[in-house]
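Colleague: Questions regarding the structure given below will be posed in turn.
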Amino acid sequence: MASNRDGDPSLGYLTRKDTEVKLPRPTRVKNKTPAPIQITAEQILREARERQEAEIRPPKQKITDSTELSDYRLRKRKEFEDLIRRVRWNISVWIKYAQWEESQKDFNRARSVWERALEVDYRNHTLWLKYAEVEMKNKFINHARNVWDRAVTLLPRVDQLWYKYIHMEEMLGNVAGARQIFERWMGWVPDQQGWLSYIKFELRYNEVERARGIFERFVQCHPKVSAWIRYAKFEMKNGEVARSRNVYERAVEKLADDEEAEMLFVAFAEFEERCKETERARCIYKFALDHIPKGRAEDLYRKFVAFEKQYGDKEGIEDAIVGKRRFQYEDEVRKNPLNYDAWFDYIRLEENVGNKERTREVYERAIANVPPAQEKRYWQRYIYLWINYALYEELDAEDIERTREVYRECLSLIPHEIFSFAKIWLLAAQFEIRQLNLKGARQVLGNAIGKAPKDKIFKKYIEIELQLGNIDRCRKLYEKYLEWSPENCYAWSKYAELERSLSETERARSIFELAIAQPALDMPELLWKAYIDFEISEGEYDRTRELYERLLDRTKHLKVWISCAKFEASAKEEQQLCIQNARRVFEKALNYFRMSAPELKEERAMLLDEWLDMEKSFGQLGDVSLVEPKLPKKLKKRKQIDSEDGLAGYEEYIDYVFPEEAHAHNLKILEKAREWKRQKACIRRRGLVRCFSFVPFCF
């Protein structure tokens, strides 16, 4: 096997392993407890600073005579010129060159460099600033003025140039010159800060009238809320209350519809508040709340509430708080007019305030937002606006005609051919009853039955007529009810119950007969039970048995069999006969489940359990030995669960094995055993025949 040295002869006597970069192996910290002597980060930095080696600097060059100085200057100028030729657009090179010439006190050459740099890029205001600062530093004032004048002429939109120029003149005491520069600057319409600087300049020299004139020009140039507020505060600071109020009033006239008008009104109101003009401030707040859109008046409402809490009475404070909440609700319903919950909250607020006209206005605005689609789910919340409106007019406003009009408008708005609301019809009818207008109530309910019949309407109408004792009207209503909904078992039962309460037994029986003869019923078990209970209460046991037989002809449900057996056991006849009749019913049911429905093993087991319990309840007359031999055995079994992906597992279930099934199962096992024995004997005989057929070959 060749060595690493043979593989790479350039390594000489070293192997590749010797030349590999060996990284330190990461150490594992075994002892993680804190050291007894802790070292701070400050100590580590101090030690690093102390051990740092001294910086190596080039030696200083000493110039001893003018010849060396000329050579040095020539060499440096050549370096700068060569550098400029290479990077002409690099302004920092020009600045360093000019500053070096300045350090050599050769100001003419320095100016020449600055001028050459400005020819390259005169738009760079840094050049102008550096150039002018050099002139000012060396007290060449006229040269500096010249530079500043050229700078602001070429770059009038650079505010820093104007500030520096004005600052120089002001430092020199040339106030008139500084003012003249400000006027030149204002001719270019600068931003607000430029105007404010001019105003502060005049105020430094107590030129209040000049400052006021500048403010007038300022608000004309920048007609913004902040500018007018500054102007008003300026007048207030100088003690000119009337002038300040005049400024605010002019601002309100011009900027009442501005987006920042809220800030103006708040400042105006606070000004009046400081002047102890409480009523003026309150009027300003109210005027602002009426004119500013609700979405932009949040701070205004907060200030108004705080103002009323400080200066107002109880009513004023409540009005302010209500106004703030009113603003919130107005904002919500403006964003989403179909948000009926917001309308409910808004209406509740106005109802608590007690202003009827305002409450009606909000109700009218709310009900005007009709749901966009004619689907009942969209109307279910909306309809309660009408209900609350009607109840408010009746109970709070006590305006009967207006209440009737609200109900009438609501009922005309609902598309009854698509859907309807029974609650509205019933409330309208109950309102007429409270007004002792029985004819009007009947008219409303009659229209309801004609346009949009519903169970609730029929029930309530029948209840009203029944309380009034109008039996004939009740019968007519039940007939209409059943004509509209013949499958309604509740209506049939109640109709028969009404006739029975009137001792009209035959009429009640006829109604039951008509009911069970219907081809379709929604709850037939309820109807049959009512019919059977009716016959039992009348003591007609033969009719009851006949009903059970008719019912069993239609359905063989377990509950029907059990109910029939319990009826036979509880019939008011001879007890022994009742027991025999009950046993006969159980036998018939058991034969049905055994012969006709063998798969219903659980129902059959439940039937036997009921039979056993009944025999026990008979006491000495009972005979549990009739039932016990027929009881099944419970076996717990498993069956597999199939799914789309295949076998999903197994589940346990209870199986019932009845005695006759167990006997048949045992017979099948014996038959299988005999068959297996015959097959085994046959196989043995065939084996013997084969053995004898091979005997000659064995010898």
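Each Cβ is built from the backbone N, Cα and C atoms, and glycine gets one as well.
The following feature annotations were taken from TrEMBL:
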- 79-224: domain 'Pre-mRNA-splicing factor Syf1-like N-terminal HAT-repeats' (DOMAIN)
- 241-322: domain 'Pre-mRNA-splicing factor Syf1/CRNKL1-like C-terminal HAT-repeats' (DOMAIN)
- 399-548: domain 'Pre-mRNA-splicing factor Syf1/CRNKL1-like C-terminal HAT-repeats' (DOMAIN)
- 1-35: region 'Disordered' (REGION)
Colleague: Over the span of the domain 'Pre-mRNA-splicing factor Syf1/CRNKL1-like C-terminal HAT-repeats' (241-322), count residues by DSSP class, listing helix, strand and coil in order.
Modeller: 69 helix, 0 strand, 13 coil
Colleague: Average pLDDT across the domain 'Pre-mRNA-splicing factor Syf1/CRNKL1-like C-terminal HAT-repeats' (399-548)?
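Modeller: Residues in the domain 'Pre-mRNA-splicing factor Syf1/CRNKL1-like C-terminal HAT-repeats' (399-548) carry a mean pLDDT of 89 in this prediction.
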Colleague: For the domain 'Pre-mRNA-splicing factor Syf1/CRNKL1-like C-terminal HAT-repeats' (399-548), what does DSSP give as the number of helix, strand and coil residues?
Modeller: 116 helix, 0 strand, 34 coil
